[in-house]
Amino acid sequence: MSVSTNATVVSYRLPTVPPEEYDAYVLEFVGGTLALIPYGISLTLFISCLNSLIPTLRRSSISVNSRALFLQLTYISLIFLAGTLYTAAGTWVIVYLKLEYPMYPGGTLAWELEHYNHPVINLGNAGFVLTSWFSDGFMMYRCYIVYNRGWRTWPVLILPGVLYVASIATGVLLLTQTSLPKQSLFSKVNFALAYFALVASLHILLTLLISSRLWMHRIRLQKALAGDGDAQLRSPHSVDTAAGKSAAGRLGLGMYTSASSILIESSALYSTFALLFIVPFALGHPAAQFTLCMLAQVQVISPLLVNYRLIQKKAWTSATTQSINASLGGMRFGEGSVVVLKEKEKHGTTMGHPERRGSSYSDVSA
């Protein structure tokens, strides 16, 4: 900020901040402050998951299902805790350095980069890397589920698996390097670029694999129901025939194959922010300071969204694909677009809801 008085320009900027570093200084401060907004979103999602998951755990007896619920509770707690560590460390950097080192040569950003091995900063870095590992590992599992647990799933996961192992290795090397004196994410020689490139590549690949698979099922269902596109998937009442209305309504197609469901299931939000960070980071642009703070929370929000849908029985499960295949296998179209659904009793499921036993749809007509 500057004021012109009698042709003399008076600047009120911190004299310790070099002009060429001013943009990075501002973007880090703004990014760290605005990152509290997505942290609030992740906190809300975490509480919502707990409110739905804990009562279910209390009602369930000791069984395979309860162990799966406990594992899910452990996962959402760990990833939220890791995200909280990063947020706490980032808040400390903003507040403490601004109060204690405002006149440090080069500004507070210079102090941070020169003392990047400070215990609090190391704690934040560890939290960031852990959220990345948790998020990517969960998306690997979701990709496995979406491709339906068959032996043909494993070839699809070979490349993501290699990238995931490589990201863990480079993440360990990066944390080791940043714990050394005079080293940081923005040092000239470090593992940061390799690590972030691997993470971004892995998650974008998983997003493409999951979204393409779900989109394929969407197209199959559209063709089977002779639908009119997105409107029929959003609302079963828009199907031309009464039989189509009944079939679409009972199958609950929009829950699994709507555009919003595909975006959430594939963690497209995370992939978008990964690109928004890796590009300026590779170019050495100060915008990387801003997007880095936001990316840390998006890594938590994306898997929590999927977990919340799982708890609400709205996410894709291994039973969903089997139910779709069984339903479409018993669906035929004759004159007058009459739909005949004969779901085999051995499946005993409606799509995505295995608990609804003994349901079968037959000879549905207008």
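Our numbering is plain: 1 for the first residue shown, then up by one each step along the chain.
Cβ coordinates are placed from backbone N, Cα and C, and glycine is handled just like the others.
Curation plays no part in TrEMBL annotations; they are all automatic predictions.
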Per TrEMBL record, range annotated transmembrane segment [choices 16-35, 116-135, 216-235]: 116-135
Surrounding residues of the transmembrane segment (189-210) on its own chain - C-beta under 8 Å, 6+ positions past either end: 132, 135-136, 139-140, 142-143, 146-147, 156, 159-160, 163-164, 166-167, 170-171, 173-174, 177-178, 183, 262, 265-268, 270-271, 274-275, 277-278, 281-282
Beyond the flanks of the transmembrane segment (262-283) by 6 or more, those residues with Cβ under 8 Å of it: 135, 139, 142, 146, 192-193, 196-197, 199-200, 203-204, 206-208, 210-211, 214-215, 218, 291-292, 294-295, 298-299, 301-303, 305-306, 309, 315-316
Distal contacts, the transmembrane segment (289-308) - CB-CB under 8 A, six or more residues away: 24, 27-28, 30-32, 34-35, 38-39, 41-42, 45-46, 48-49, 52, 72, 75-76, 79-80, 82-83, 86-87, 90, 127-128, 131-132, 134-135, 138-139, 142, 185, 264-265, 267, 269-270, 273-274, 276-277, 280-281, 315
Beyond the flanks of the transmembrane segment (116-135) by 6 or more, those residues with Cβ under 8 Å of it: 75, 78-79, 82-86, 88-90, 92-93, 167-168, 171, 174-175, 178-185, 199, 203, 267, 270, 296, 299-300, 302-303
